[in-house]
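So that you can see what the record holds, here are the features copied from TrEMBL:
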- HIS427: active site (ACT_SITE)
- ASP479: active site (ACT_SITE)
- GLU488: active site (ACT_SITE)
- 542-622: domain 'Carbohydrate binding' (DOMAIN)
Amino acid sequence: MRAGESRSEVMMEQLLKNARLTVVVWVVLILSPFMASAGHNYGQALTKSILFFEAQRSGYLPSTQRVTWRGHSGLSDGKSSGVNLVGGYYDAGDNVKFGLPMAFTITMMSWSIVEYHQQLAASGELGHAMDAVKWGTDYLIKAHPQPFVLYGEVGDGNSDHYCWQRPEDMTTDRRAYKIDPNNPGSDLAGETAAAMAAASLVFRRYNPSYANLLLTHARQLFLFADRFRGKYDSSITVAQKYYRSVSGYADELLWASAWLYQATNNQYYLNYLVRNADSMGGTGWSTNEFGWDIKYAGVQVLASKFLMQGKGGRHAAVLQRYQQKAEYFMCSCLGKGTRNVQKTPGGLVYFQRWNNLQFATSASFLSAVYSDYLVSARKNLNCAAGYVQPSQLLSFAQSQVDYILGDNPRATSYMVGYGNNYPRQVHHRGSSIVSIKVNPTFVSCRGGYATWFSRKGNDPNLLMGAIVGGPDAYDNFADERDNYEQTEPATYNNAPLLGVLARLNRGRSGYSQLISADVLVREYVPVQQPQGNAGRASSSALTISQRLTKSWVANGNTYYRYSTIVTNNSLRPAKDIKLWISKLYGPIWGLTKTGESYSFPSWVTSLPAGRSREFVYIHAASPADVSVASYKLV
């Protein structure tokens with residue numbers, strides 16, 4: 001207190017100072033999103049997000065390991081069950097390998113690469129992203145030793161959560177749990193089939209034999225999931241407390257069939273998706289949530305993609321109903337639907353207080369890819385509030401990513417290691433305990449809690465790129481290790497971000513995703529022989545690809561010229577080829593209409609093995625829906 005001042009005067013001056021400080025703080029908080037929005041380094045965030053997966057690795061770490069504070073762990077996994085289950089990923093801040101979220105993580109990483117492989121390559125991260133996928137699929141192959149056997153968990157969440165140990169010191173039970181015909185798990189087997197099928201697309205160009213191996217596992221797992229139906233957590237009951245399958249298994253069966261169709265072009269899987277659309281909820285379930293448990297929105301987006309690619313054919317009406325549900329999801333995210341997603345005052349989508357950011361990253365991915373699909377198909381989004389430009393979906397995806405990277409009321413980055421203000425007391429055993437390479441002294445089960453968990457200092461190891469659980473409904477966040485609802489990371493938080501960050505890093509310009517993403521499928525589809533001499537689009541013997549070759553304006557209308565290629569991928573000539581074509585509004589050259597179908601001119605007697613034929617058409621609309629009606633192999 002200065003001389004001559006009363007206590008009341010000093011208190012009044014202090015109050016005024018506090019008031020001025022409060023105003024300054026609120027101005028900073030209000031302006032901080034706009035100050036930060038000058039631009040994020042999406043390429044840097046992409047690099048960091050992939051690094052997180054290396055920190056989650058279990059097993060023998062390779063010489064190329066970049067997260068050097070980690071060591072080998074889980075080297076006896078599966079041994080007691082007579083199977084090698086070394087490898088894979090720890091799901092979050094614990095040391096358990098949970099099959100359902102791990103498979104979903106791999107599916108979403110693969111989807112990111114399928115859609116944005118060009119952008120990932122341009123960012124210099126395609127190789128690292130593929131390595132991250134393969135670390136997971138190598139493990140899933142081991143976990144599927146027989147067609148109708150799949151190991152879905154290694155370790156027990158209860159005993160694991162009783163201990164706080166780095167993975168290299170684990171003393172907890174490493175028992176392995178499986179599903180089989182007597183103990184089914186359609187959701188687990190279905191998601192794993194989806195992961196294998198999606199990953200096969202990733203490796204189709206670079207490692208065809210590995211891609212074929214993944215497809216073999218995917219087909220077997222889908223058959224297993226469909227033939228022996230049941231919820232996996234009724235068979236692997238130790239998973240119920242941690243990853244209960246609340247949505248059931250119908251969504252995973254549809255999800256797997258969609259990915260197998262995407263990977264093989266085998267009409268059987270599209271027929272399955274269409275035939276079971278109503279009974280399994282694909283065209284009846286309106287949802288604004290997408291994650292490791294509930295896959296309906298993902299199925300609906302993939303079905304919409306098939307429709308906009310012109311693969312609908314006679315199934316177009318059902319695929320349109322899938323698309324209506326996909327657009328329900330999109331409109332809900334944009335706040336333009338009939339039941340909109342709740343958002344925090346700062347603009348983050350909000351579903352639950354525990355690890356809410358998993359839904360923000362998955363919603364941003366679906367919105368980004370659907371935006372690109374619409375741009376490619378020259379369509380707008382139809383919401384209850386009216387038509388919406390596809391660019392608004394991409395803006396929504398970017399808003400969620402920007403919030404995560406720091407454009408929020410707290411100016412906090414929820415990606416560890418990105419920016420200046422990010423979580424430093426992460427709920428993660430490995431990062432919170434000194435590296436075994438720095439101090440090899442054994443950390444005991446309960447000793448880890450006493451020494452490291454309760455420690456208030458920053459983590460000794462930086463969990464680079466991890467997306468933590470995130471703030472509450474009011475944008476509040478407490479960076480405290482015991483605040484597991486907000487500070488625990490998870491692999492499935494990061495997986496969808498690979499694609500979105502790669503997309504944003506290459507700018508806001510549009511991409512022809514319906515064409516570019518399909519190239520990975522079309523050019524490298526494996527040769528398969530159909531059963532019997534005739535097929536009704538029931539195999540991948542014949543495939544169809546379309547591309548826009550020219551556009552022009554006449555009398556105020558824009559016209560498009562489309563080139564359509566029919567390819568015989570089989571080892572025998574194909575004859576009597578008939579095609580279904582719908583949504584054709586202009587002239588066509590190279591085909592003859594016979595009844596309700598189209599065929600090549602009479603002088604084209606057959607399509608030799610490995611050869612292609614082209615036809616073209618012109619109209620003022622999106623590509624027509626073209627599919628194979630029937631053919632014979634001779």
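One-based numbering along the chain as shown.
Glycine too: its Cβ is placed from the backbone N, Cα and C atoms.
For the active-site residues shown (ASP479, GLU488), fewest C-beta neighbours within 10 angstroms: ASP479. Each residue in the domain 'Carbohydrate binding' (542-622) gets a DSSP state, and the totals come to 0 helix, 51 strand, 30 coil.
Across the domain 'Carbohydrate binding' (542-622), the model assigns an average pLDDT of 83. A sphere of 10 angstroms centred on the C-beta of HIS427 (active site) encloses 24 other C-beta atoms.
Cα separation, HIS427 (active site) to GLU488 (active site), rounded: 5 Å. A distance of 10 Å separates the Cα atom of ASP479 (active site) from that of GLU488 (active site).
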